[in-house]
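One structure below.
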Amino acid sequence: MADPSGSHLRAVILAGGAGRRLGGVDKALLILHGRTMLDHAIATVSGQVGAVALSAAGDPARFARFGIPVLEDGRHRGKGPLAGVLAGMRWAAASGGETLLSLPVDTPFAPRDLAARLGAAPAVAASHGRTHHLVALWPVAAADALERFLDGPGPYRVSGFAAEIGMRAVAFADERDPFVNINTQADLDAAEAGRC
């Protein structure tokens, strides 16, 4: 169950993608409304959880100014975003966390009461006819099961592991989709202009 005080809840911001549709730009450092996408993500989750970390590939020094731990995928690098979720679960467990909130860095409009609205883990956000598999609450106790899943032959689909642990979808009926992703320059321009 999500702890309303956030003391047993941790968050991992997922920023491991290559940003290919944006020409290889680091999405975490893209500017939207005068702030980086990572600033937006930190602001979204920080009031909901006891601690925040970032899952990102490459040199962690580029994120030093944000003051949060930067997690690496380790031996599961290249197996997709679940490697970042696993790194987040391991970090959360080491810091006394029982539940992990995951949020992609390219989802700047997620609600600041996301964890409370998701309720008990495992839960995933759904809106406007889509399931947003990485906007989710994960039980940290599922880390060993996720490790076995990633040690398997694949495919390493988030939906596959979510089904394995019985993740339930929680509908967000907001008029505007709170889980719009910024994947292209057109998406960024639309977000900047308030069209999404």
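Just so you know, glycine gets a Cβ as well, placed from its N, Cα and C.
Per Swiss-Prot, the features are as follows:
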type	residues	note
BINDING	LEU14, ALA15, GLY16, LYS27, ASP73, ASP106	GTP binding site
BINDING	ASP106	Mg(2+) binding site
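All features noted in Swiss-Prot, drawn onto the structure.
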| residue | record | DSSP (3 states) |
| --- | --- | --- |
| LEU14 | GTP binding site | strand |
| LYS27 | GTP binding site | helix |
| ASP73 | GTP binding site | coil |
| ASP106 | GTP binding site | coil |
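Just so you know, the Cβ of LEU14 (GTP binding site) picks up 26 other Cβ atoms within 10 Å once every protein chain is counted. For the GTP site, whose binding residues are given in the record as LEU14, ALA15, GLY16, LYS27, ASP73, ASP106, the maximum C-alpha distance rounds to 19 Å. Local packing around the Cβ, expressed as the count of other Cβ atoms within 10 angstroms, is greatest for ASP106 among the binding-site residues ASP73, ASP106. Cβ neighbours of GLY16 (GTP binding site) (same chain, under 8 Å, six or more residues apart in sequence): SER55, ALA56, ALA57, ASP73, PRO81, ALA83, GLY84. Over all protein chains present, the Cβ of LYS27 (GTP binding site) has 23 other Cβ atoms lying within 10 Å.
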